[in-house]
Amino acid sequence: MRLSRIGTPKVSVTRVIPVRNVVIARRKPVRASNTDAKTWLMKEEQRRIRQKEQEMKQRLEELERFKTKVQKSYIRKEDRHLAQEIEKDLDIITDDYNLDSDVDLVFGELMQAEEQPKSLKSLPGASDASDNTDKSVELFSFPSPNLTLPEKVIHHIGPLVKHISNPENIQWGRLLLDLEKNQGFNGLSAVDVTRLIQNIPKEEKYQHMSLIHEMMFNSGISPDRYLTDLMMTAFSERSYYEPLVEALFQDYDINGWAPTDYTFGALIKVYSKGKKLDKINNLLNQMKLKYHKEPNKKIYTMVLQTCMKIDDYKKTSEVFDAMKFNSVATNPDTTAYGSMILMHVLNDNVEAALDLYDNLETEPDETILLALARGCSSRKVLINRGWDFIIEYYKRKFPLNEKLMTVMMYLTSRDGDLSLTRAIYNTIHESRFKMTESFSMNKNDGIALNVLLRGYFKYPDNHTVQSKTNDAVVALRRSTLALNHFGYHPKATPFLPVNELEEKHILPEVQAIWSYIILHYPDIVTSELVGTYLMILATRGSMADFNKAFEELTLKPVFEQVDNAVAVEEESEQSSELSDLRLTPLAIRLSSNIQIKYPRNHDIYHIALQACINNKDIELGQRIWQERGRFRKTPEFSMQPRNVKHNQDFEFARDMLKLLVNCNELNDACRLLLSTETQFNWEWTYVKPVYIMAEQLGDEYAKKVVRRVVRNKKSKWREEYLQGM
């Protein structure tokens, strides 16, 4: 044993520790058998198949829905297209917006007689085919892209397709006759016929519908609802097809179809053409009670225009109010507003027209502005407002035409601006001459001529005209006068070559213009023109001038006697006093040989009595009074409404009373008052001149007559009269 350095022996001890032999074995993965794997794979595949099937099913359903949607959309598009075509045929913007230069002629335009039905052979293009066809047309082998004829129709036409290659030269009558000879409508459906009709211009459809209807019958084609609508709208263009339109309407009840707005529109349109307001009212009631439909805006507008055609002012206002207050969908549009404003103006209710314009919810069109300006020309206090509408017309860049210039003449004539009236009238004819290089006048030119003559009658008017104070109008006036050239052609209207006329030149110029018209354009002369010319002579000419024109231009009345024999007033013998022909212009001498005479009516007698008042001619006045008494027996007077006859009689009696007072015939004035005491409402304002004359002459009897006449009336002037006694 060895000892350590420090003396301690080193002892080695060995400890035996037993070690357990631990074996950690790696766990092997459990592997599925082949059968389980196949089952799992099969289920997984089935799941994926089911998923794909579900996806495919969803896609198929989506495609089916899309297909259905496309089909419905196409059908709706077709329906909408057909509806639009029918609606186009029901367009209600008719002749009452094609105004002449004078809006007062609207009724004349609307009341024009319609043409009578024509036979098929007399229709344009209905003659047999001719071999002399245009070679350029034959070069085309297919219809124009503007035409959408059904393929079957094109096949039936065959070589005749050249007739429809140029849409501007289509002879529909000839084409349909050739089609009838070549299989007609055999093999065609109602839709094919509908598309064929849609290609025919609206204004020609009604001419060919009889032949089309016959071919449909021969081919056994039963019209569907759309084709029936289209046929109704085509036939509704003429009032004499009313029974046929009504028969087609009965097919709706027979087939169980629900009438559409277009169906009712066609019926109302044909009733409107015939001015059958009662039938329209019955149909509107049926729409509400039987079919539970409210009239739409177009139907209301057609009813509105029908009321205008028959000059039923009250009914027109009622229809317009119904449009305003029924619903938002029927609110009047510009067309309806224009119709109502025009109706107000035509019935001298300008204030109502202005109120309507102030409440206008749409932009005004040219018709509205011109109608309002024309209406304002009837009131002196509204002249400036009328010019505002003209300036608005210019700002909106509406066409500058004769219609506008004629309305401007109304304003200048009423305002007493003769210089501008003459310049505008001359500009109208100078512009027309520069465009056509010829002189011509028609009936419408008589309107502007009448306005021009009124300008002479109202000039001078001791007030400052609006065209000299309104800044915008001043510029227009200045340019018009500066560009005016009276001597643009030797055959032009014979104006004196000056813009400003002197008083002494007015009557000679009027007489020269009248002779010029009688010599060159006697066809445009009307009774209104004759009346205006006579009024100028009554106020500016001598009694001799008036008497001469009165006898030359008017005819005495024809009236029925008790024994039923017709009596004619004898024409007075021409005066033996001949005027100095050397001092009479050649045109006036020539025009005096042209016989243009119009029967005397109330207006002519009123003018004649005014001439007697101005010239204090009691003798002629008494003859006029007696002659008018015989005129009252004529059909022209007796056929008028009772209130019209009463008003005309009262107006003439007031004129006669004024003549008697002016001629100091106090006793005759009293006899007139007593003889008509119970017939007329003699208010103080009418009899005041008689009382003043009686006061001046100290005639107590005449004063007593005036008191009696006034006291027997419930006059609003009675208190004023009693206070002034």
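Think of each number as a place in line: the chain as shown, counted from 1.
Each residue, glycine too, has its Cβ placed from N, Cα and C.
Here is what Swiss-Prot records for this protein:
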REPEAT    189-223  repeat 'PPR 1'
REPEAT    224-259  repeat 'PPR 2'
REPEAT    260-290  repeat 'PPR 3'
REPEAT    296-330  repeat 'PPR 4'
REPEAT    333-363  repeat 'PPR 5'
REPEAT    401-435  repeat 'PPR 6'
REPEAT    601-635  repeat 'PPR 7'
TRANSIT   1-21  transit peptide
Same-chain residues near the repeat 'PPR 7' (601-635), Cβ under 8 Å, at least 6 residues beyond its ends: 527, 530-531, 534-535, 537-539, 542-543, 546-547, 550, 554, 556-560, 569, 645, 648-649, 651-652, 655-656, 658-660, 662-663, 665
Residues of the repeat 'PPR 6' (401-435) by DSSP state, where helix covers H, G and I: 32 helix, 0 strand, 3 coil
For the repeat 'PPR 7' (601-635), mean pLDDT (0 to 100): 94
Secondary structure content of the repeat 'PPR 2' (224-259), with strand meaning DSSP E or B: 28 helix, 0 strand, 8 coil
